[in-house]
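So TrEMBL lists the following for this protein:
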type	residues	note
BINDING	Gly76, Trp77, Thr78, Gly79, Thr80, Gly81, Lys82, Thr83	ATP binding site
DOMAIN	246-303	domain 'Torsin-1A C-terminal'
SIGNAL	1-17	signal peptide
Amino acid sequence: MKDWIFTLLCAVLGAYFDEEGCDVENWIKFDKNGLKNDLETKLYGQHVAAEVILKTVTGFMENKNPKKPLVLSLHGWTGTGKTFVSQLIAENIYKKKMKSSFVHLFSVTTHFPHKAHIDKYKTQLQEWIRGNVSICPRSMFIFDGMDKMPLELIDSIKPYLDFSDNLDGVSYRQAIFIFLSNAGGKMINDVTMKFWRDGKEREEIQLKDLETVLSQSVFNNEDSGFWHTSLIDRHLVDFFVPFLPLEYKHVIQCGLGEMARQGFTPDNNVVKRMTDDLIFFPEEERVFSLQGCKLIPNKLRFYIP
Ligand SMILES: Nc1ncnc2c1ncn2[C@@H]1O[C@H](COP(=O)(O)OP(=O)(O)OP(=O)(O)O)[C@@H](O)[C@H]1O
Ligand SMILES: [Mg+2]
């Protein structure tokens with residue numbers, strides 16, 4: 001009886017103060033069409049990632065009884081849209097978007113900088129995940145710079161990613177984990193470049209063309225502890241999602257979009273001048289952008305008269 005009164009009181013007070021709650025009626029409503037539309041119109045040049053993300057996130061969100069949390073690992077060169085896509089996912093699930101108290105963003109190098117403090121980080125991270133999932137099962141955890149995450153720390157979150165009814169009375173099956181890294185980026189670039197050299201359309205590239213090289217390259221990468229853990233062996237990651245290097249035309253699209261976002265009328269000449277000053281590879285043919293679209297928000301202003 002007491003519990004019931006407490007819950008009611010929280011709901012009334014929460015509604016009164018417009019405080020975010022863990023409920024599907026008001027705060028956590030998955031917008032499938034919104035995500036589809038965002039991936040189609042705001043994300044450029046990532047047909048493989050867009051399809052995998054839409055299918056897996058939709059499937060997971062529409063599944064009333066998932067057997068394990070959704071775990072996605074996004075890979076690719078810098079500035080190709082990995083962080084951007086994780087924001088689009090959050091925006092179409094949580095009304096408060098990235099500001100939601102149910103979305104947790106960790107930057108590995110910022111949050112876990114010192115090897116000597118690893119035991120403290122382990123405890124804090126586990127408590128953070130457990131505490132937050134017990135408050136709201138539909139919580140989202142984004143780990144940026146996963147290739148720099150110490151092995152022990154990855155080990156410490158493995159139980160939460162696995163199939164399990166519950167751990168210490170908490171069920172993690174509704175949670176979403178997204179790992180971001182540059183690991184495998186070089187391999188993805190090589191495959192994309194080979195398609196281009198062979199005169200094939202970029203859109204012909206399929207997930208299977210990249211999956212094998214991606215898993216081979218990450219398995220063979222001695223530097224990144226991430227790959228040597230049982231995350232892969234035990235299939236805890238549902239999908240490895242490749243992000244292709246962006247071409248000249250995608251950078252132009254980013255520039256025009258960014259101009260509008262900054263309150264200017266999109267101007268092809270301005271964006272073209274800016275893009276021409278960026279570095280592309282291979283050096284001679286200038287096909288793929290070395291920094292993706294990363295520098296655009298800051299560079300653009302310089303080119304606007
Ligand atoms: N494919 C894309 N489509 C549209 N915009 C993009 C794309 N890639 C990057 N951008 C733009 O560039 C900015 C930087 O991209 P983002 O932070 O997502 O790169 P990243 O892949 O996470 O790079 P890093 O590996 O360096 O973290 C984004 O905020 C977005 O505005
Ligand atoms: Mg990023």
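Cβ coordinates are placed from backbone N, Cα and C, and glycine is handled just like the others.
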List the helix, strand and coil residue totals of the domain 'Torsin-1A C-terminal' (246-303) as derived from DSSP.
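Per DSSP, the residues of the domain 'Torsin-1A C-terminal' (246-303) fall into 31 helix, 5 strand, 22 coil.
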Within the chain of Thr83 (ATP binding site), which residues six or more apart in sequence place their C-beta under 8 angstroms from its C-beta?
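Listed in sequence order, they are Asp144, Leu180.
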Count, for each of the binding-site residues Gly76, Gly79, Gly81, the other C-beta atoms lying within 10 angstroms of its own C-beta, and report the residue with the smallest count.
Gly79
If you count the other Cβ atoms within 10 Å of each Cβ, which of the binding-site residues Thr78, Thr80 comes out on top?
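Output for this query is Thr80.
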Just counting, how many other CB atoms are there within 10 A of the CB of Lys82 (ATP binding site)?
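Counting Cβ neighbours of Lys82 (ATP binding site) within 10 Å gives 27.
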Taking the recorded ATP site as Gly76, Trp77, Thr78, Gly79, Thr80, Gly81, Lys82, Thr83, identify the other residues of that chain whose CB atom sits within 8 Å of the mean position of the site's CB atoms, giving them in sequence order.
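Other same-chain residues with Cβ inside the cutoff are Phe84, Asn182, Gly185, Phe243, Gly292, Lys294.
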Using a Cβ cut-off of under 6 Å to any atom of ligand 2, determine which of the binding-site residues Trp77, Gly79, Lys82, Thr83 qualify.
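With ligand 2 as the reference and 6 Å as the Cβ limit, the list reads Lys82, Thr83.
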State the count of C-beta atoms found within 10 angstroms of the C-beta of Trp77 (ATP binding site), not counting that atom itself.
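For Trp77 (ATP binding site), the 10 Å Cβ neighbour count is 23.
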For Lys82 (ATP binding site), what is the secondary structure by DSSP, using just helix, strand and coil?
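DSSP assigns Lys82 (ATP binding site) to helix.
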Could you check what DSSP calls Trp77 (ATP binding site) once collapsed to helix, strand or coil?
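DSSP call for Trp77 (ATP binding site): coil, neither helix nor strand.
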